[in-house]
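Copied over from TrEMBL:
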- L8, A9, G10, K20, D60, D93: GTP binding site (BINDING)
- D93: Mg(2+) binding site (BINDING)
- 5-147: domain 'MobA-like NTP transferase' (DOMAIN)
Amino acid sequence: MKLLGAILAGGASRRFGSDKADAMLGGRKLVDHVADALRRDCDALVICGRTHSHIARLEDRPAAGLGPLGGLCAALAYGRDGGFDAVLSAPCDAPGLPTDLFFQLSKGGPAAHVADHPVIGLWPCALAERLQSHLEQGTDRSMRAWARIAEAAPVELAAAIFNINTPEDLAKAGLT
Ligand SMILES: Nc1nc2c(ncn2[C@@H]2O[C@H](COP(=O)(O)OP(=O)(O)OP(=O)(O)O)[C@@H](O)[C@H]2O)c(=O)[nH]1
């Protein structure tokens, strides 16, 4: 399986107040924690929506401002064109991803996502066109709606995932 890791890193970080991808935790940027987790299983890595110097950046598709699905759509198209089988997606704000994320998700089937965190998922690149046309139709652009369309299985992980949405979340994460 040729796997592309995609870090979804657009959005306004309104609750955080500044770009949360660059927030520091344990001396490293949040985005670097996520990149390390994805690199373990992925053959290549892209970042969707924001520049990060060490990682190839993709523009959201079919347009900017559509939310995380715009980033996933860009990653799926890039993956399909580059001969990848699937995309492993994760947000830039989840620094505690499990070391065996791909293994746990792949038990759900070819398309699967973390239960209650559909931004973290495994998506066959064969879904690229389907997601593009879903976004062009302008219907429900939530990750949850897409997970249903993609028939992605929700997978309960062995340990809970935490997201950093606010400065308070970051402070709490620093204490764990
Ligand atoms: N590529 C891309 N990623 C996005 C977009 N919107 C949100 N994301 C990412 O999706 C993940 C979940 O989004 P949120 O937690 O709602 O992030 P956000 O919209 O920046 O935060 P708030 O403004 O506080 O809601 C985060 O990793 C965001 O960086 C977008 O339009 N494009």
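Think of each number as a place in line: the chain as shown, counted from 1.
In case you wondered, yes, glycine gets a Cβ from its N, Cα and C as well.
TrEMBL labels come from automatic prediction, so no person has curated them.
Residues within less than 8 Å, Cβ to Cβ, of D60 (GTP binding site) and separated from it by at least 6 positions along the same chain comprise G10, C48, G49, L66, G70, G71, C73, A74. Between the two most distant C-alpha atoms of the annotated GTP binders (L8, A9, G10, K20, D60, D93) there are 18 Å. Averaged over the domain 'MobA-like NTP transferase' (5-147), the predicted model reaches a pLDDT of 95. The 10 Å shell around the Cβ of A9 (GTP binding site) contains 27 further Cβ atoms across the protein chains shown. Once Cβ contacts within 10 Å are tallied over all protein chains shown, the binding-site residues L8, G10 are led by L8.
In this structure, K20 (GTP binding site) is part of a helix by DSSP.
Over all protein chains present, the Cβ of K20 (GTP binding site) has 24 other Cβ atoms lying within 10 Å. For D93 (GTP binding site), the Cβ neighbour count at a 10 Å cut-off comes to 26, with all displayed protein chains included.
The DSSP secondary structure for L8 (GTP binding site) is strand.
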